[in-house]
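**Student:** Have a look at the structure that comes next, please.
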Amino acid sequence: MNRCILLLLGALLLVQGLHVHKRQQKLRTVSLKKQPTLRETLLQAGSFETFAKHRHGYKKYLKTNGNHHFDKYQALNVEGEIDELLRNYMDAQYFGTISIGTPAQNFTVIFDTGSSNLWIPSKKCPFYDIACMLHHRYDSKSSSTYKEDGRKMAIQYGTGSMKGFISKDSVCVAGVCAEDQPFAEATSEPGITFVAAKFDGILGMAYPEIAVLGVQPVFNTLFEQKKVPSNLFSFWLNRNPDSEIGGEITFGGIDSRRYVEPITYVPVTRKGYWQFKMDKVVGSGVLGCSNGCQAIADTGTSLIAGPKAQIEAIQNFIGAEPLIKGEYMISCDKVPTLPPVSFVIGGQEFSLKGEDYVLKVSQGGKTICLSGFMGIDLPERVGELWILGDVFIGRYYSVFDFDQNRVGFAQAKTADGRPVDPAPRPFRSVFDNESEESMEQDDE
């Protein structure tokens, strides 16, 4: 009897100890800074033509080459080149700091849920690579924890290839370090995007399945090495332009201070991007995705992108006027009265107000308002695909869960803890309302 009691007490103490250990492994957060996008930088310099030509060339590239990436991720080839066809970074604006090596070398990166590799400029890039020379560069000779790998790799963007090679070192983020983490030292960076970029490199947070050379992403290494408590991370972006706080990423959990329950979860439909089924896009009626479609939650762009014809329907609905090469402008005076555009996900309606989907930028000392919706024509075989960037994620707290292969969205809070209205609500179509009214009339 006494032996049984002792065994029971021992088991209870063991369980209690496990709980204490779990509590001691705290959540890790990365503070994000919000910077002007390259779009805004070019516009402020009066270079709209340069910006538009660059964006037009990117979309033309998508139309021509958009099928490569979607053929069962065939881009994981011998040469280690992958087509990051949805990557642009012209509109990226949320950046955070990581360190690599011992002693630490600091870099500003985009935490990008639309790609899976970490790359930063290399000290070994040639002097004529302007993009590389204008940013912080990793020096392997200065790090005592550096390990050589040497595999060559390239990532094809709309403006050319980022080329480099794989190295290993300690990569630290949010106060924890991924030891012997493979990453790419970039020796060639393409186009104006990376020359004028406010960031040094990219830290991909999508699934390992789309990583160049099968390199394990940083977050997955952190979880594997037991540096974070749970196999998920979450994004809170602050859309207030007057706030110094750009946002936060929580590694290994969810920050209850940043959102209002409940979280609406939808399953990942394909392990690669954070891809899920979206029910439809609605305004006064259905504007797009009428029969359901695939969508991607993407922190690497600030825009919302979709099939060109459906995006044009949205532009017409909100009263946007064509500007140049696919760009649309809205009168800034009309922003407060613009109609909401809603995205139905998991049966819930997530609405964006005019102030959410309009981007205000300065050009020649004047403020102009641009639509945050962009049309992209992908090959027919790819199917209907939408990209929900920071215009959406900035409005809704977003959870990326590897363990349960799901994405979650919830009503976000402001930096001072106030809920950002409106809250998500169950979707009820016009047909539902008409049906109810018809039933009421029949009862009478």
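Placement of Cβ uses the backbone N, Cα and C atoms for every residue, glycine included.
Swiss-Prot feature annotations, pasted as is:
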- D112: active site (ACT_SITE)
- D298: active site (ACT_SITE)
- 433-444: compositional bias 'Acidic residues' (COMPBIAS)
- C125-C132: disulfide bond (DISULFID)
- C289-C293: disulfide bond (DISULFID)
- C332-C369: disulfide bond (DISULFID)
- 94-410: domain 'Peptidase A1' (DOMAIN)
- N106: N-linked glycosylation site (CARBOHYD)
- N433: N-linked glycosylation site (CARBOHYD)
- 413-444: region 'Disordered' (REGION)
- 1-17: signal peptide (SIGNAL)
**Student:** DSSP three-state call for C125 (disulfide bond): helix, strand or coil?
**Tutor:** coil
**Student:** Counting only residues 6+ apart in the same chain, whose Cβ is under 8 Å from the Cβ of C332 (disulfide bond)?
**Tutor:** V358, K360, T367, I368, C369
**Student:** Would you count the other C-beta atoms found within 10 angstroms of the C-beta of C293 (disulfide bond) for me?
**Tutor:** 19
**Student:** Whole-number Å only: compute the distance from the Cα of C289 (disulfide bond) to the Cα of D298 (active site).
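**Tutor:** Rounded to the nearest whole number, the Cα-Cα distance is 18 Å.
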**Student:** Spatially, and counting Cα to Cα, which of the recorded positions is closest to C125 (disulfide bond)? Options: N106, D112, C293, D298.
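**Tutor:** Nearest listed residue in space: N106.
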**Student:** How many Å lie between the Cα of C132 (disulfide bond) and the Cα of N106 (N-linked glycosylation site)?
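**Tutor:** Rounded to a whole number, the Cα-Cα distance is 15 Å.
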**Student:** What is the number of other Cβ atoms found within 10 Å of the Cβ of C132 (disulfide bond)?
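**Tutor:** A count of 25.
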**Student:** How long is the line from the C-alpha of D298 (active site) to the C-alpha of D112 (active site), rounded to the nearest angstrom?
**Tutor:** 7
**Student:** C-alpha of C293 (disulfide bond) to C-alpha of D112 (active site): distance in Å?
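**Tutor:** Spelling it out, the Cα of C293 (disulfide bond) and the Cα of D112 (active site) are 22 Å apart.
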